[in-house]
Amino acid sequence: MKPDAHLVKQFLLNLQDTICQQLTAVDGAEFVEDSWQREAGGGGRSRVLRNGGVFEQAGVNFSHVHGDAMPASATAHRPELAGRSFEAMGVSLVVHPHNPYVPTSHANVRFFIAEKPGAEPVWWFGGGFDLTPFYGFEEDAIHWHRTARDLCLPFGEDVYPRYKKWCDEYFYLKHRNEQRGIGGLFFDDLNTPDFDHCFAFMQAVGKGYTNAYLPIVERRKTMAYGERERNFQLYRRGRYVEFNLVWDRGTLFGLQTGGRTESILMSMPPLVRWEYDYQPKDGSPEAALNEFIKVRDWV
């Protein structure tokens, strides 16, 4: 089957609806929708839930942008895209819970196609999901990674190990020599063996996110916590901000293509703190996080 951008767009809009419904069912609060248009072509639907029962902030964004020429960030490592019109669409979401024992989560699925007359279209899928705990629970990490592995298995034995490794490498803060969290899946430039296969995999990742995340939320959301845990959560959220502003290609692409800044930066936590030369106490649960987020085989 030829690449069908309309089919992908319909799936993405439905996925946004489904994920918002599932998060609302857990939290009780409703999302507020903000529809926007991009002057250069396209637009999107940003949905944000704030100060809910479980989630301090959850943002689920759909965007579909198109234009006559590619931005520098995209053509730098893909010169074949120069001189082509493009369409980029995706659903991207980040959930920042109140309770420090509930991890932050991020997921994204996207499709890109660039065309010019008389040439075959250049297209690919990308996406994944990753988990950023503040306090490590082995059973949560195992569930997260088993869910990721199980959704990958129908597409091949090598898919989960490959995309887990890519995720570990991508969500890494070089300037801190730290992983952002415990990873999950990350894939990009997926266009083989054919459109149908790649689209099916992207759908599996999009649908798999809540299966991986919501059982962890349910397990941890009522755990008692105090000021110490909250302070540590806010401190560790700083790493999230550092990664998104310094290393994340998606953030850079969005800002360079004249995307909607409010939507692009919706992934930012609502409250964060930095502390100069912070060192957790030896033997404390906070100190244990550094070991917990080191790359390992969870399944």
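Quick reminder: no glycine exception, Cβ is built from N, Cα and C everywhere.
Under a cutoff of 8 A between CB atoms, and with a sequence separation of 6+ in the same chain, the neighbours of SER92 (substrate binding site) are VAL60, ASN61, SER63, ALA107, ASN108, ARG110, GLY250, SER267. The substrate binding site annotation in Swiss-Prot covers SER92, ASN108, VAL109, ARG110, GLY258, GLY259, ARG260.
With a 10 A radius on its CB, HIS145 (Mn(2+) binding site) counts 22 other CB atoms from all the protein chains. If you look up Swiss-Prot, you'll see HIS96, HIS106, HIS145, HIS175 marked as Mn(2+) binding site, on the strength of sequence analysis.
Per Swiss-Prot, the feature active site, proton donor maps to HIS106. HIS106 (Mn(2+) binding site) falls within a strand when secondary structure is assigned with DSSP.
Residues near HIS175 (Mn(2+) binding site) in space but far in sequence (CB under 8 A, at least 6 apart, same chain), listed by position: GLU242, VAL246. Annotation comment: Swiss-Prot describes HIS175 as site 'Important for dimerization', evidence class sequence analysis.
As annotated by Swiss-Prot, region 'Important for dimerization' applies to 240-275. Long-range contacts of the region 'Important for dimerization' (240-275) within the same chain: residues 34, 36, 38-40, 44, 46, 48, 50, 56-57, 59, 61, 63, 65, 67, 71-74, 88, 92, 94, 96, 104, 106, 108, 132, 171-176, 180, 231, 234, each at least 6 residues beyond the stretch ends and with a Cβ under 8 Å from a Cβ of the stretch.
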What does DSSP say about ARG260 (substrate binding site): helix, strand or coil? coil
Counting across all protein chains, other CB atoms within 10 angstroms of the CB of HIS106 (Mn(2+) binding site) number 24
Most crowded position, judged by CB atoms within 10 A, among HIS96, ARG110, ARG260 as binding-site residues: HIS96
